[in-house]
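Here the structure is laid out as C-alpha cells; the discussion comes afterwards.
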Amino acid sequence: MSRGGRTARRPSGVRRVRGRRRGWLFVLPALAVYLTFAVLPALHTAYLSLFEWDGVTLGRWAGLDNYRRVATDPALRGSVVNALVLVVFFSFLPVVAGLVTTALLARHRRRGMAVWRLLFMLPQVVPLVAVGVTWRWLYGDDGLINETLGGIGLGGWARAWLGDFDWALVAVGLVGTWVLSGLCMMLFLSGVHKVDPQLYEAARLDGAGPVREFVSVTLPQLRGELAVALTVTTVAALAGFDIVYVTTGGGPGEETAVPGLLVYRLAFSDGKVGLASALGVVLSVLILAVVYVINRLARPERTEA
Amino acid sequence: MPMDEGMRAGRRATARGPGRPGPRRFLILAPAVALLAALVTACGALTPGSAADPGRPRTVPSSTAVPDEDITLKLTFADAPAMVDALVAAFHRKHPRITIEPRYTQFADYVKSIKLTMASDNAPDLAQYAVGMDDIAARGDILELAPYRDAYRWRAKLPASALDQLSGSRLTGPGRGAAGKRLYGVPAGLSMTGIYYDKELARRAGITRPPRTLAEFERQLAAVKRAGMTPLGVGALDSGGLHLWAALLNNAMPPAEYRRWIKGERGATIETARALAATRKLAEWSRKGYFDDSAIGTTQNDSTGQFVRGRSVFLVNGNWAAGQLAQAMGKKAGFFLMPGARPGARAVSSGFSVSYAVSSRTAHPQAAGAFLDFLTSAEAQKIVSDNGFLPTDEDAVPVPRGVLGEVARAHRRVTADDGMNHFPDFAAPAMLDPLRAGVQKLMAGRTTPEAFLGSLQDVWDERYGGGGR
C-alpha cells in the first residue's frame, strides 16, 4: 500500500485515486489467498463456536454457552493456566539464555560465529514430534536423566518425570526451553552482528565495562530481535500441541493439558466441535493480545527514529 | 502469522508517525467485512451438519439370499490387518463372486474419522465397530442386523455378552425392539483383560497358585511387597490404570447394573457404594505401594516390557499381550482373572470384540451379511485365533498350551458366566480422558474416590442427560 508512489507527484486527484485502486490490484492475489485460507476459516471457527455440534449431525444453536463453559470449566481454565506457565519455559528462559550467550560472545568478534549459530539452530531443525519422542526416552524410568542422577549419587531424585504430578509440567517446559533457546541465541547473535562496531568502541572509550556495554549498546540495538523472539516463543507456548501430545498426552491427571491439545481432543474425540471452536477462539484472542502487548513494548521511542 | 501482522503494524506506525486508520481506510474495510460476513453466513447459511436422511433403510432386508452377480464390498478397519487379509481371502474362496477390498486406517485416526466416513455418501459397505458407533447407529448410518441374527441363528453361534455389547445404547432407541434386542455388528474375535504373573518370582514370595479371592490376592500383593519386589505392574500413562480400575469394579458392581450404566439407561449411576468400595481399593493399593512409583508415567507397552524383565510379579494387561509374554517368558508366565470376594464367584472381566457393522448406504446388504456370517465359521475362527484374538466359538480351535491356554480357559469361564463387561470408556466418547486422568490422580492421591466417580458421572450425565429419548 504505497501512498500513490510516483503518481502522487501529479496534482490530479483523480489520477491519484486511480493509482491507489491499481495498488489494490497488486495486492489482490495475495489478499484472496489470505482471505480464503486464513480469514474465512477463522471466521467460520468463530461461527461454529456458537453451536453445539458433533461434527456430523445437525448442530444446535447454543449462543454464548460454549464461551461460558470455557470460562467456568475448571479443566479448560486449568489448561490456559498451564499454557501461561509454559510461557516461562518456552519464552522467558530461552530469551534469557539467548541474551546471556550474546553478552558473552558479542564483545569479541571471532571467526566461526556462523558455525556456532548453526549449532544453536539445530534443535529448530528437528521435527517437534521427534524431539518429543527423544525427550520421552530421556525422561523415562530407565532414561538418561535418571541414570545420570543415579550415577552422581542422586538416585533418590530419580522418578518417572513425565508421570510425576509435581514435575511433569516443568519437564515438558524444559523441552521447550531446549528447542527455543537456540532460536533466541541465533536471532540475537545475528542481530549483534549488524550493530555498528563503532558503537562498542565509543562505549569502551567512555569507559563502559562489559555490563554497561551490554545494557547500553547491545540490548537497545536488539530491540527488534527481542520482539521477534518473544513473539515466536510466546505463540509457541500458548498454541503448543506437538510436544505435549507426544510426551504426556496431557497427563498425569490434567497437569500438562494445554488448550491446543484440548481443542484437538474436544473436536475429534469427544464430538464437541462447538466447544472446541470456542476454546480456539479464546486462545487466538489471548495470543493476539499478548503479541500486541509485546510489539507495543518493543516499538522504538520516537526520539530515536 | 499474527507475528508478521504485528511487526508490520509496528513498522508502519514508525514510518508514518502514530497512525490511526483514517476514515478512508475504514471506507475500504467496512465493505470487506460486510462481504466476509455475507460469505460466511451464505456458505454456512444454515446450521452446521446435516440431519439423517429418513428415506434410507435402517434395517437389513429380511432376505439373506446373495444375488448371483459380481459384487465388490469395501471394508474400513483399524485392527489386525493380517487377520483381515486372511479373513477376506478365505471368504473370497467360499464366495468367488464377492470381493472385499479392505482399507486400513491407524486406530487413533480411525476413531476420529469414522463418524464422517460413515455419514458420507460413498461410505464403505462394512466398517469395524468402535467407540462412538452408537451415534452412528442413532443417525441411521449403519444397519440394524436383528433379522440376519435370527435368519443365520447367530444367537446359537456367538456368546450372549458379545452380542449384547453390540446392541447399541439408549441413544439408538429402546433396548428391545419388536424382535428382541437390536444388533449393530457381528464379532470376529474377542479381547479380555486380566492379570499375568511371573511364576518364578511369585514362588520366591511364597505364592504357589493364583488367588481365588480378592482377599487372598491382597495377601499375595502384601507378601511380594514384603519380599522387596514390586507387586503389580500397571501402565497407567495410557490405559493400564483404567483396566485395573475396571477389573476391581467388575467384581464389586453387579454386571447388570454396570451394563445399564454403560448403555446409558435412564437413572443409571456409577456413584454407588460398591463402585466406591472398588475405587477405594485401588487408592488403598496405591497407598500401600503395590504399584511401581513410576506407574503413572509408564505406558502399557513399557509396563509389559518391565514385567518380562522381572520388574514386577503381577501385571495388569489384556489377552493381546499373551503372545508376546508366551514367547518371552515361556512357562514362567501365568494368567488369572481379578478374583471376586468369594471363591467360585461369577467370573467377570472387561473386553470387547473386533467386530464389523454394515453401512446403510450399501447396495449389497445380503453380501455383507454373508461375510458377517462367515466370521462365525470354524475356518474364520481359526484365523481369528491365530492372530491373537480369543475366538467367539471356543470349540472351533484347540486350547493352546502355556499362558495362552490359561487365558483361553479363563475366557471360557467368563463366557459361561455371561461375565464380559464393556470397557468403561464405552459409556461415552468423552469418557476415556477423564478415566485415564482420574485413575492417575487416584494413584497419586490427588483426588478422592468420591470425586473421581462424580467426575465420571458428570460426563455420563452430559451425554445421556435427564430427558433422553
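Glycine is treated like the rest: Cβ placed from N, Cα and C.
Caution: TrEMBL annotation is automatic and unverified by curators.
The feature domain 'ABC transmembrane type-1' is assigned by TrEMBL to A:80-294.
Annotation source TrEMBL lists transmembrane segment at A:24-43 (among others).
The transmembrane segment annotation in TrEMBL covers A:83-106 (among others).
Residues or ranges marked as transmembrane segment by TrEMBL: A:118-138 (among others). Counting same-chain residues at least six beyond the ends of the transmembrane segment (A:118-138), those with a Cβ under 8 angstroms from any Cβ of the stretch are 101, 144-145, 162, 171, 175, 178-183, 185-186, 189, 242-243, 245-247.
Look at TrEMBL and you will find A:167-189 (among others) tagged as transmembrane segment. Residues 82, 85-86, 88-91, 93-95, 97-99, 101-102, 105-106, 113, 116-117, 119-124, 128, 131-132, 135, 139, 159, 161, 222, 225-226, 228-229, 232-233, 236-237, 240, 243-244, 247-248, 251-252, 255-256 of the same chain lie 6 or more positions beyond the ends of the transmembrane segment (A:167-189) yet place their CB under 8 Å from a CB of it.
Summarising the annotation, TrEMBL assigns transmembrane segment to A:226-246 (among others).
The transmembrane segment annotation in TrEMBL covers A:273-294 (among others).
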Lying 6 or more residues past either end of the transmembrane segment (A:83-106) yet within Cβ distance under 8 Å of it, the residues of that chain are 113, 116, 120, 169-170, 172-174, 176-177, 180-181, 183-185, 187-189, 191-192, 195, 210, 214, 218-219, 222, 226, 229-230, 233-234, 236-238, 240, 258-259, 283
